[in-house]
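Participant: Structure provided below as C-alpha cells; questions to follow.
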Amino acid sequence: MKRIGVLTSGGDSPGMNAAIRAVVRKAIYHGVEVYGIYQGYAGLISGDIRKMELGSVGDIIHRGGTILYTARCEEFKTLEGQKKGIEQLKKFGIEGLVVIGGDGSFAGAQKLTEHGFPTVGVPGTIDNDIPGTDFTIGFDTALNTVIDAIDKIRDTATSHDRTYVIEVMGRNAGDLALWSGLADGAETIVIPEADHDIDQIISRLQRGQERGKKHSIIVVAEGVGSGMDFGREISERTGAETRVTVLGHIQRGGSPTGFDRVLASRLGAKAVDLLLEGQAGVTVGIENNKLVHHDITEVLQRKHSIDLDMYRLSQELSI
C-alpha cells in the first residue's frame, strides 16, 4: 500500500487533530503518501482531497476541532453516493482509508468495506458510546469541560440555595452524565441506560431538604429527556428554586487533555499499522490500556454498555 486517505466525519471531538497528525506522520514514516479528505464523506463524494505532508500537521496536536473539517452526508448513505466516493478514491490512487468518528462514520466505513475498499475506523466522539474500546477520543476532554462547568454552577447554587438541573450530551449513552455527576458529587444522575423514577428523585431531594440541605445538583443526559422538563417538575413538586443549564456544544470544543492527545496518537498510528498489515473493515480501540481491533460489523451490531456498578456507587454516595 503506497497511498492512504484520512477523513473525519460526524460530530467533532477534541483530539481528532492529534489522531490526524498520528496517521499522517506514521504513514510518512513508512514511506506511504497520505491524502486528507475534507468535509467528511461529503468531501469524498465531491473530490475535496489534498495531499498532506509533515508540515500539514504541524502544531495541531493541542488544537480542538478538526483541520479536515467534518460534515454529515445523507448522500453517502445511498448506493450511488458510495459509488461516487469509491470513484474519487480510485481517481486519487488511494488504496486504504482511515475514518475518524462515531457510529455513523463507522457505518460509512462499513459500506466501503462491503464494496471491497480497505478501511479502518478510529473512534472519535465525546459520547464514549462506541463498543470495542474503553474510551473514545474526546470523551476525557468533554468530561473535564463538564466537571469544570458543574464546579462553577455549584458555587452559585450554594450562594443562592438553589437546585440546578444540568443537561449534558449523550443521545444514547450516559457516560458523560455518569462520570461528571460522580466526579462532582451530584445528588442525582439520570442516564438512558438506567431506569429512573421521578418520584424517587423528588423523595431524595426532599430528604435532603429535611436535613437542612440548601442546594442540589442534578445531571441529566440529553437522551433521557429535556432538562427543562425535569427542572419544571422538580420546582413544582418540591417548591425549590430551580435553574436549568444546558451545556450544549461547549462540550465539544477546547484543547484536548493530555489523555486524549495520547489516546488519539496511539489509535491513529495503530490504524495505519493495520492498513499496512492488510487488515480491512476493522476498528481500533483501547481495552485495559492495550491496543485492540475488532471487526467493524461486529462493533456496529453490539450495544453500548455502561458501568452499572459505577452508577450504583453514585446512588450510594448521594444519599
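Positions of Cβ are set from backbone N, Cα and C atoms, glycine also.
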Participant: Name the one residue among ARG50, ARG154, ARG252 that Swiss-Prot lists for the same ADP site as ARG21, ALA22, VAL23, VAL24, ARG25, GLY185, ALA186, GLU187, ARG211, LYS213, LYS214, HIS215.
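Facilitator: Among the candidates, Swiss-Prot records only ARG154 at this ADP site.
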Participant: From ARG162, ARG261, grab the residue that Swiss-Prot records in the same substrate site as THR125, ILE126, ASP127, MET169, GLY170, ARG171, GLU222, ARG243, HIS249, ILE250, GLN251, ARG252.
Facilitator: ARG162
Participant: For the ATP site, Swiss-Prot lists ARG72, CYS73, GLY102, ASP103, GLY104, SER105; sort out which one of GLY11, GLY15, GLY31 goes with them.
Facilitator: GLY11
Participant: Please give the greatest C-alpha separation between any two of the ATP-binding residues GLY11, ARG72, CYS73, GLY102, ASP103, GLY104, SER105, in angstrom, as a whole number.
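Facilitator: Taking every pair among GLY11, ARG72, CYS73, GLY102, ASP103, GLY104, SER105, the longest Cα gap is 14 Å.
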Participant: Rounded to a whole angstrom, what is the C-alpha distance between GLY11 (ATP binding site) and ARG25 (ADP binding site)?
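Facilitator: Computed Cα spacing between GLY11 (ATP binding site) and ARG25 (ADP binding site) is 24 Å.
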Participant: Taking the Cα atoms as reference points, how far is THR125 (substrate binding site) from GLY102 (ATP binding site) in Å?
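Facilitator: A Cα-Cα distance of 6 Å.
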Participant: Distance check, please: Cα of ARG243 (substrate binding site) against Cα of HIS215 (ADP binding site), rounded to an integer number of angstrom.
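Facilitator: ARG243 (substrate binding site) to HIS215 (ADP binding site), Cα-Cα distance: 11 Å.
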Participant: Which number gives the other C-beta atoms within 10 angstroms of the C-beta of MET169 (substrate binding site), all protein chains shown included?
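Facilitator: Taking all protein chains shown, MET169 (substrate binding site) has 24 Cβ neighbours within 10 Å.
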Participant: In the structure shown, with every protein chain counted, which of the binding-site residues ARG21, ARG72, ARG171, HIS215 has the densest set of Cβ atoms within 10 angstroms of its Cβ?
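Facilitator: Buried the deepest by this measure is ARG21.
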